[in-house]
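Peer 1: Sharing a structure below in C-alpha cells format, with a few things to ask.
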Amino acid sequence: MNAAAEAEFNILLATDSYKVTHYKQYPPNTSKVYSYFECREKKTENSKVRKVKYEETVFYGLQYILNKYLKGKVVTKEKIQEAKEVYREHFQDDVFNERGWNYILEKYDGHLPIEVKAVPEGSVIPRGNVLFTVENTDPECYWLTNWIETILVQSWYPITVATNSREQKKILAKYLLETSGNLDGLEYKLHDFGYRGVSSQETAGIGASAHLVNFKGTDTVAGIALIKKYYGTKDPVPGYSVPAAEHSTITAWGKDHEKDAFEHIVTQFSSVPVSVVSDSYDIYNACEKIWGEDLRHLIVSRSTEAPLIIRPDSGNPLDTVLKVLDILGKKFPVSENSKGYKLLPPYLRVIQGDGVDINTLQEIVEGMKQKKWSIENVSFGSGGALLQKLTRDLLNCSFKCSYVVTNGLGVNVFKDPVADPNKRSKKGRLSLHRTPAGTFVTLEEGKGDLEEYGHDLLHTVFKNGKVTKSYSFDEVRKNAQLNMEQDVAPH
C-alpha cells in the first residue's frame, strides 16, 4: 500500500471498537435502525453548580463532517482489507463484518446507503429537541446507522463552541446596549485567541469557524479556510484581525527600552488599529507614564479608525481592567455618552485577553457598568476557554436509536435508566415543528405525519453518499442571529 493510500481517511476505522461487533447483536431480521441526535435537557441539575444555563443550542458543523468524511466513494477494496487486518489483530478474532462492507462496495460503489435529516445549520434550538436523524436506506445495512454515530457525534464540538460563543454575545449585547444605547461593533467584542490552546490543527479550524458564526474577530487563521471550503461566504474572508504586539516583540528591546518598543510599534502601524501588550513589566506604569505621558502625543494624534488598543495580560481580569481604565481616564480626556457612561477618546481602547471565559466576562462587564464605564471602551480575547475548555457533557450531546424494523414490523424503542431520568431517550420516528406560539416541539412515534403540526423542520442533507442540501456561512450566521427582544432586552 503506498503512503498516500495509507494516509487516506478510512471510515471503516473511524468508529468505536465495540461497534465493529454490533451487526451480530441486533435482533435477527432487523432491516432498519433509525437514530437521532439531541442536546439533552438536564431537568434535575442543581442550578447552583453552573452559572450559565445553556437553554438553547446553535446547530453547526454537521455539513463539514458530511462533506469531509462521508460523501462520495468512501468504501474501497483496499480499505476493507486494511480494516479486516487491523480488527483481526485488535480483537484477536475474526469479528469484522467483511461481507456487509463488500455489499456496500459492490451494490453502491462504496457510497453509504444512509439518509441524514437535520435542522438548518445555524438554527438556535432549545435543549431536548431532535437536531438530526440517521437511518439506513438499504435493509441489508441496518448496522451502518450506528456505525457512523462516532463521527457524527463529533459535531458536539462545533455545536458547543458556537453555543458558548453566542451566550457570550448575549452578555456583551445586553451590557453594550445598556451602557451605550446601541450595538455598534458588537461582532468585534470577543476575539478568538485560541489557536495555540486547542488540541490540533483540525480542532482549530472547526472551533474558529464555530466562533465566527457569532463574531467577526479571530486570530485563528485555520477557521477561514474551513469556512471557505465547506460553507462559502459572500465576503472574501469571514474573519478579521489587526496588527498586534506579543511579549517577545516588546521584551526583545530590553527592560529599559519598553518605551522605545511601544513607540516603534505604534509608528509602524500608524493608520490602522494596533494592539500593544503592555504588562511585560508593569501594566500600570505603562498606562500612566509611557502611554499617558511619554508617548501621549503619538496617541492623541491617531484617528478614530486607527486607535491604540492597550492589552493587559495578567492579574485579576476585573481588577486589572478597572484599574487600567481608571488610569487612562485620568491621563486622557473622558466624555460621557448619552446613557451617562464614561467613554475614552476614540483613539484609545482596551482589550482584555487573559483569563476570559463566560463567567469572568460577565463579571468584568458588570463591574464596568457599576463603575459607570461604557462597554464601548473594551473588547475581549478568549482562547482556551473559547475553543478547548468544553466537553460533550456541557450540552449533553447524545445519539440514540429510537426506531427499528424487525421482521417487517416497526417498533418504537427507547432507553430509560432507573438511576438517571435525564438519560431517558425519545421513541419512534421523530420530527421537529414550530408551534403556533413560535416555540419548538419534537414529535415522537411518527406523529409529525399528522398534518395539523405543519411541516417538519428536519431536511434531508445527505442521502446515499450525496450531500443533498448545503448552507452558506451567511445563511448560518443569519440563522444564529440574536433575537433582540428575547436575547438582549434587560430582563
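We number each residue from 1, going along the chain as drawn.
Backbone N, Cα and C atoms are what each Cβ position is placed from, and that goes for glycine too.
Small disclaimer: the values here were computed from a predicted structure and weren't measured.
What Swiss-Prot records for Arg196, His247, Arg311 is diphosphate binding site, and it gives similarity to another entry as the kind of evidence. Here Swiss-Prot flags Asp219, Arg311, Pro312, Asp313, Gly353, Asp354, Gly384, Arg392 as beta-nicotinamide D-ribonucleotide binding site. Here Swiss-Prot flags Met1 as N-acetylmethionine. Marked as phosphotyrosine by Swiss-Prot: Tyr188. Taken from Swiss-Prot, the feature phosphoserine applies to Ser472, supported by similarity to another entry.
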Peer 1: Which of the recorded positions Tyr188, Asp219, Asp313, Gly353, Arg392 has its Cα nearest to the Cα of His247 (diphosphate binding site)?
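Peer 2: Answer for the nearest of the recorded positions: Asp313.
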Peer 1: State the Cα to Cα distance, in Å, between Arg311 (diphosphate binding site) and Ser472 (phosphoserine), rounded to an integer.
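Peer 2: Between the alpha carbons of Arg311 (diphosphate binding site) and Ser472 (phosphoserine) there are 34 Å.
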Peer 1: When the number of other CB atoms within 10 A of each residue's CB is tallied over all shown chains, which of the binding-site residues Arg196, His247, Arg311, Arg392 has the maximum?
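Peer 2: Result for the most crowded candidate: Arg311.
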Peer 1: Between the Cα atoms of Tyr188 (phosphotyrosine) and Pro312 (beta-nicotinamide D-ribonucleotide binding site), find the distance and write it as a whole number of Å.
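Peer 2: Cα-Cα distance, Tyr188 (phosphotyrosine) to Pro312 (beta-nicotinamide D-ribonucleotide binding site): 18 Å.
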Peer 1: For Asp354 (beta-nicotinamide D-ribonucleotide binding site), just count the other CB atoms lying within 10 A of its CB, please.
Peer 2: 21
Peer 1: By the count of other Cβ atoms within 10 Å, pick out the sparsest of the binding-site residues Pro312, Gly353, Gly384.
Peer 2: Gly384
Peer 1: Counting only residues 6+ apart in the same chain, whose Cβ is under 8 Å from the Cβ of Asp313 (beta-nicotinamide D-ribonucleotide binding site)?
Peer 2: His247, Val277, Asp279, Ile283, Gly353, Asp354
Peer 1: Under 8 Å Cβ to Cβ from the residue listed as 'phosphoserine', same chain, six or more residues apart: give me those in sequence order, or none if nothing qualifies.
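Peer 2: For the residue listed as 'phosphoserine', the qualifying residues are Tyr231, Gly232, Thr233, Lys234.
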